[in-house]
Every structure is written in structure tokens, then in C-alpha cells.
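Annotated features in TrEMBL:
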type     : residues  : note
COMPBIAS : B:417-434 : compositional bias 'Low complexity'
REGION   : B:408-434 : region 'Disordered'
TRANSMEM : B:34-56   : transmembrane segment
TRANSMEM : B:113-131 : transmembrane segment
TRANSMEM : B:143-160 : transmembrane segment
TRANSMEM : B:166-187 : transmembrane segment
TRANSMEM : B:196-214 : transmembrane segment
TRANSMEM : B:246-266 : transmembrane segment
TRANSMEM : B:295-316 : transmembrane segment
TRANSMEM : B:322-341 : transmembrane segment
TRANSMEM : B:348-369 : transmembrane segment
TRANSMEM : B:375-399 : transmembrane segment
Amino acid sequence: MKLQLKGVTKRFGTFTANDQIDLTVQPGEIHALLGENGAGKSTLMNTIYGLHSPNEGEILLDDKRVTFDGPGDAVEAGIGMVHQHFMLIPVFSVTESVMLGYEPTKTAGMIDFAEARHRVQEISARFGFDVDPDAMIEDLPVGAQQRVEIIKALSRDARVLILDEPTAVLTPQETDELISIMRQLKEAGTSIVFITHKLREVRAIADKITVIRRGKIVGEALPESTETELASLMVGREVNLATQKEPATPGEIGFSVEGLTVVSGSGKVVLDNVSLSIARGEILCVAGVDGNGQTELAQAILGLRSAVAGTISLDGTNLRRMSVKERLNAGIGFVPEDRSTDGVIPAFSITENFVLDQYDQQPYSNGVAMRPSVMREAAVNQTSRFDVRLGTVDDPISTLSGGNQQKVVLAREMSRDIRLFLASQPTRGLDVGSIEFVHRTIIEERDKGTPCLIVSTELDEVSNLADRIAVMYRGVVVGIVPGDTNRDVLGLMMAGVPVEEAYTQAEQHHTILGEADEEAQA
Amino acid sequence: MSTQQTSDDARTPGGALKEAESRLHYAVRELSQASWVITLLSVLVALVVGALLILATNPQVQATMGYFFARPGDFFLTSFEVIRDAYSALFRGAVYDWQAATPQRAIRPITETLVNAVPLILAGLGIAIGFRSGMLNIGGQGQIILGATCAAFIGYAFQLPLGAHLLLALVGGALGGAIWGGIAGVLKAKTGANEVIVTIMLNNIALYLIAWLLRQQWFVQTGSNQPISASVDESARLFGILGTGFRLHAGILLAIAATIFVWWLLERSTLGFEMRAIGENPEAARTAGVNVPKATALVLIIGGALCGLGGAAHLLGTEYRLAAGIAGTLGFDAITVALLGRSRPLGTFLAGVLFGGLRAGGVLMQAQTGTPIDIVLVLQSVIVLLIAAPPLVRAIFFLPHPDGSPRVRRRRRLRDQQAAEAASEPAPTQEVSK
């Protein structure tokens, strides 16, 4: 089916999220919509899917004008969408999930399970999905859950399929499977729009690339364009994708974790006997698919979760029995994963956020009363050193962009003498310019001789920063490998394959993205 | 929701309660951030609503209604006079009585207003601290009762030198309130018990505790069966600061000092920083090393102490004897005062004075014009109702919404729609071109 947008504009209040968007997706085309976080990609897709109604412009399906009052209409018209966060119910079986909302019925409104099950099997077989219709959603790996979402869309005869950041939660190998599924769908004539901010994917998969920046279409590109070309189009200026860094000069061990085990509230082991050590002047990145214990590792190190066993030692002191405050005072600089809930207090001023975890320390207070003028002066100095774009430091931090908020957090953590820099997803949701800045700052901190532990699910970030990489899978460290390890190997390790086996398997099977990588290097 | 990311919390039955609690936090925050303009306009609207009620219940006005169509002028004139009389009596009873015989009596109303305001301000500050820290302390009533009870007992059962006696009675009162608030605080900190439910229950317990105590001879020390205690000694009373003829006592100095203290606590102290941080974002506070349970408990302990002090000042400065109704509706009025004062110390002080004035003026209004004092309750309620619903006030006064006016937006949307329709008209011709 041909999908065409003409002058689609969507405003929220005074903010224009999509400005005069023209887009044509031909039948059987894989069309990538590339843009930074906040560029307006998801808004545009939600408009197509009937979740928003456009202020201006029109949507044409096979040259017929359509208007949707809700997703129901869009589904009716043949549009399917797989959201970044899956809309599945954990305790449902695959069949139940697929038929939910569109249950085939027998006489007297009885649900026709056999028919529903048959339909799942039929679609699954047609595209070689390998999904058991009776499996429970919660037992399936993320990649399979995504396939269930795709089956769901196909079972409603979707002929335009929208995939919103489909690879965000996948290992490179799972991404590979997704790519082959997308190609099969394309063969069958389905049009695919897929949204992403990852450059290497677009180049490997898309037939056509549309780049969107600040709500406007800024250009179209062919998959033959280089990553640098795509990046500059996406950001609007020349960008340097790989951060320049000197080889590490590791000193003695500054921080180590030994046999750390953490059990969640529901009794599940979320960290299983994790051991790591980081030298001064070294960056250790923890890679892995989201939800494999990395968050818990960072929380346990800071003391937000208590460990049932193991030691956490910083310069030879065991931190395990200490409170969060004692650990911060012992020299942990922490950048949390979720900035808006854990990193800053939106209603507090920039100054107050700048001292958020040192408010009772010298020189900001004498322990009882705070010293507003000292706080303010330090905030002014450090925010300018970290190039935070702000009005005054007395404004609420919520008035800043995400990138600038993150810079305030970094300024806070790095403006004191720290013995360990611990950051979880330090660039999540940031624009390319801020990402460059954050990466440079982290490398500077390393060069000052601070051990750095960076948790990241973005392989690009990991290979940019890491001197060594620890890969986690289901709460276990699968292995620790050098920073320049091949992506295929990392991908296999992220799926739980032990180090040596991962190397041999990666030799035999290149992923599509891995190949694209090597071509780019050649 | 991704099944992969379903957190432990969301699956436990506590998840829903947590969500409800965070909504409550949001509501509290919204309330405490209402703008000054909204507050003033709410008072204005309340006065208008009050006027309408006065008209509706006034017999003279009702009489003119009977022949409204014959002589409508009568109705309007009478209405005007009734409202003028009622509100001027309210003003004369609360601020300055220009009809009084002596200058001393002319300024007495404002001092009466302040007398009423003392416990409201103190308790209001206690509640406001809770609001700023994201806690809805409904237990002002119980904390006031406990404060008054402790202060009273120390006041008449102990013989101490001047100064020390008063100090001990006040400290005792604060301690009583602190313990009552602390029960809720510690329970919340240790077990996560919802402070709203616990403090409401503690109000009832306080009510029955005082009823029981007043029947115990060792406690009341009066030798009679009346459920009322002995009178506190002179040495424990809050002394008058304007001499005879005035009831205004040193409690007002205490209220001023408490206002300054609470400002310092919230804006300048490290403890206040922690308290505000847990109020705005407990997760970030925890990540920043704040001991959240400790700060939670302290918020309700300090809030309780201020409410207890309010009860003590009321008893030691005005009532002198403990009776079952000692707290009246103070505990609930204090919540209103804190809301009206936007949980800011100065705002709470001014709101306390306003409510004290409404109460003082209401008495004169009832005595002179026969307007029921209950009108004052209506005024108070309408004020809070409107502050709780800023969009309503904005709608009444056609104020723009902070994020852009809904009217302008509606107009703009209409224009956009028309533009879109105009643009889509040539669409059929475009459709052909493929």
C-alpha cells in the first residue's frame, strides 16, 4: 500500500512538533525515518496511527484521503504499528495477545480459540517467525515479543507497518532476525516505515531514508550515504562520531566489586556473584540488553539496593555496609540512569540541583545552615565551565533542555574530588552535540586518573568509550573483553553466549550490521 | 508496557496504592503552588458568594422580593444596605471599629483578630511544613489537643517559678504535639503507612483520650465532676502584652518567631533542604544520599510540635482551662490556612490573620446585623474550594492560562481548521496526479 503525507503539521500549544511534513512510502518499500531524540519522529508516526489528529495537512492511502479518529480507524485502513515499548500483557499467551480486541467468535459470541490459534500459526509459518502460539508472553525473549507484536499487526491485515525504534531492545543477532523479517515483509508487498536514530541500521536496512530535524524534513538520502553524511544531515552541522581518545594508562586498582549478589523484592536474583575491578585512569563499560542487571549493579554500588553478599571496595575500603550518603562522601560520583526521576528535582533551582548531593557538606553548609551565596557562586562557575546554556542559576532546572540538565548533573558530580565515576546511560535521550560533550568529559575524567564505570545499552557508546567491556546477561557477567571487541562477539555475549564460544560463532556468522561495519572500515 | 521492563513494584498490590499516593503528592504540590493572584481573587469571589447567601437568608430582603416587580428599587436598595451593614460589621469586628466610644475600644478588634490568629498561625505552619515535604498532615486537630492537654497539665499541676513554668508548659505542649505527629511520622517512615489515614485516626484517639482524661480526678484536679480541668497558674499563662482591656498575649510573639523559624528551616537549613527534596522528588532525594525515612519522620514530628505549640498557646493565652472542645475546629482551619498561605511561612501567617479576623468580625456581624456567623465558614470553604481549582477562578475572571489562553487556543485551532479545510479543497485534482 502506498502511504503519502502532504503538509502534515502537528502543534502542541505553541510548540510545533511536525511542520509541513511531506512523505511518500511506496508499496513494498522500507522507509527509514531518521532523526534525533525529540525531532518529531514519534509524533509523526502517532499521527499516522490515529493517536493524534494533525492540525494541518492530509494523509493519503493509495491516493485516497483518510482521516482517523483513533488507532481503530488506522488499523481498519491497514496501518499497523509496533511501539518501542510493547503493548503486551505478560500473563497472556501468544494467541490471546494476538487476538485481543479482534477476537474471532463462534455462535453466541463464544471466542473461537482454534481459529485464533490457527491464524497465529499461519502467519508465523508464512514468514518463518518460529513463535509458539501457546507460549506465555512473559516467558519469551524480547525479540520474540517483538515478533508477536508484528504478528498482531499482520493478523489485522496491516499493509503499512510502522516500527518505532524497533532495535532499541535487541541484541545485534536479534536485530539481524528482525532485518530478515522486514525483508520478507517487503517481498510480500508490505510497506514499512521504521523510526530510528541509529545510523548504521538505516544504512543496512532502508531502501530510502528521510531525515527529520526539529519537526521538519531536512533531506532524503540513499542507503549508500556514509554515516558521517547522515549524521551531519540529522544534526545540522559537521559531527565527529568517534570521540578522540588516547589509549588508557591504567594505574593500580581503584575500585572493585567481588561476588556481589542482589536479590529483588520479589525474591529473584538480579545480580549473581558479580565481580569487576577498575584501575585508575580506565573506563570499564557494562554492556548488555536493558534489564539484565546493569541498573541493579549501579544501584547496589551506590547503596540504593542492599546486597546480600559480596564486597564493594573503593580504595581498599569496603562500602557494603555504608549508607548512600557515606558512599557519596567516600568519593562516588553518580550519574543516574533516569535523570528526571533520580538525577534532578525539576522544581528546584539550578543552584539547588547543583548541590543536591552535597548540600550538607563544606563549603555549601556548616552542617546545619546552608550558605546560599557560596552555593550560587559555585553553581555559576561550574555551569559555565560545563557550558550549560541557562538564563540564571535561580531558574528551576526544568526550564533547561535534557542535554543541559545532564550537564548540570555532570558538573555536580565532577566538580568535586571523586574516587569513582559511576554513570548509568549517561547520554540517554540527549542530542548528538550533548553526547559528544558528555563523552569528552568522561574521557577527561578518566585522564585525571579516576576509575570510570559506565553502564550503557548503546553499543555505539560502549565502543566509543570503553577501555574494557563487561557484558551482562541475566544478572551475570558473561565476560570481560577489550574495548575494541567486535560487535558480533558482543552481541552474542549479550545473549548469554560465553566468551570463547562467542568468538568462534562470530567468526562463522557475520551479522548484517557487522558486515556493514567491515565494509565501512574497508 | 514492555513485559521485559515490568518492575517488581507494578506487580505487587501496593503498586496501585503507590500510584494513588503519587497523585496525592501531585495535588498537594499543585495546591501549594497556586499563585498570589488566584489567592486574592478567591477571597474576592468568596465575599461575593457570601453576599449572595446573606441576601438569600435576610428577612428584609425576602420581604422586598415579595413585591419585586412592583418596586424593584426597594429590593436593590435593601440588598445594598444589608450587605454593606454585614460586611462593615465584619470589618469593624475584625480590624478597626470607627463607631467605638474610646480609641482603645476602636483598636480592640484587630487585637482580637490576632488573638484568634495565634493558634491558627502556629498550627498552620505545622501543616505547611508537611505540605512542602509532600505530606498531607490531617492530624492538626489531634496534635493541637495533645499540645493543649500537656500544656494545661503542666500549667496547673506543677508549681514552678515565673518564666520557667511558662517555658516548661510551652515545651510540654510542643512535645505532646510532636509525639502525636511523630507516631504518624515513624509509622510512615518505618512501614510506609499512609500519613493521611494514620493522622485522621489519631485525631479520633486524641478526642477520646481527652474525654477520658477529663473524667479522671488525678488529671483535672478540680474536685468537681465537671469534665473541665483546673485553671492554669498565673505563672504559666502567656502574659498580656497590651495591658488590661486587651486579650492579646505573648502568643503572637511566639507566632511571629515561629514564622521566622519555619522560613529559616525550609529555606536555609540543610534539614529543610532535605524536607523539600523529599516533597518534590523522593527518588532523587534518596539518590542524593538523603535519609528519606528519617526526614519523613522529622517532618511530621516538627509539624506536630508546631501544632502542639498552637494548642498550648491557645490554652495558656486564651482558655486557661482544658475542656473537651478545646481545639474547636482549629485543626481543620489550620489546613485551610496552610493552603491559603500556599504553604509559605509568610503566606500562612497572613492567612492565619485573615481567618482570625473573619472569626472575630463574624461575632460582631452576628450580634449587630443578625447575619449568622456560619457565613464565615462559607467564606472560608469557598476560598479553599477556589484555590483548589485555579482553572475555575481563571474562568470566572477570564484570566489567561499560564501555558497560553484556552480561549486564544480555541480561536487559533478554529482558524487552523478553516485553513486546513481551505487547503484540502483542491485535493481532488491532486489525487489524479500520481
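Using the three backbone atoms N, Cα and C, a Cβ is placed for every residue, glycine included.
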Same-chain residue ranges lying at least 6 outside the transmembrane segment (B:34-56) that approach it to Cβ under 8 Å: 79, 82-83, 86-87, 340, 342, 347, 354, 371, 375, 378-380, 382-383, 386-387, 390, 393-394, 396-397, 399
Proximity of the transmembrane segment (B:348-369) to the transmembrane segment (B:295-316), 3+ C-beta pairs under 8 angstroms: no
Interface present between the transmembrane segment (B:113-131) and the transmembrane segment (B:246-266) (three or more C-beta pairs under 8 A): yes
Annotated stretches the transmembrane segment (B:113-131) and the transmembrane segment (B:375-399) touching (3 or more Cβ pairs under 8 Å): no
Closest-packing stretch to the transmembrane segment (B:166-187), where packing means Cβ pairs under 8 Å, from B:143-160, B:295-316, B:375-399: B:295-316
Tertiary contacts of the transmembrane segment (B:143-160) (same chain, 6+ residues out, Cβ under 8 Å): 119, 123, 126, 168-170, 172-177, 179-181, 206-207, 209-210, 213, 219, 221, 229-233, 235-237, 303-304, 307-312, 314-316, 319-322, 326-327, 330-331, 334
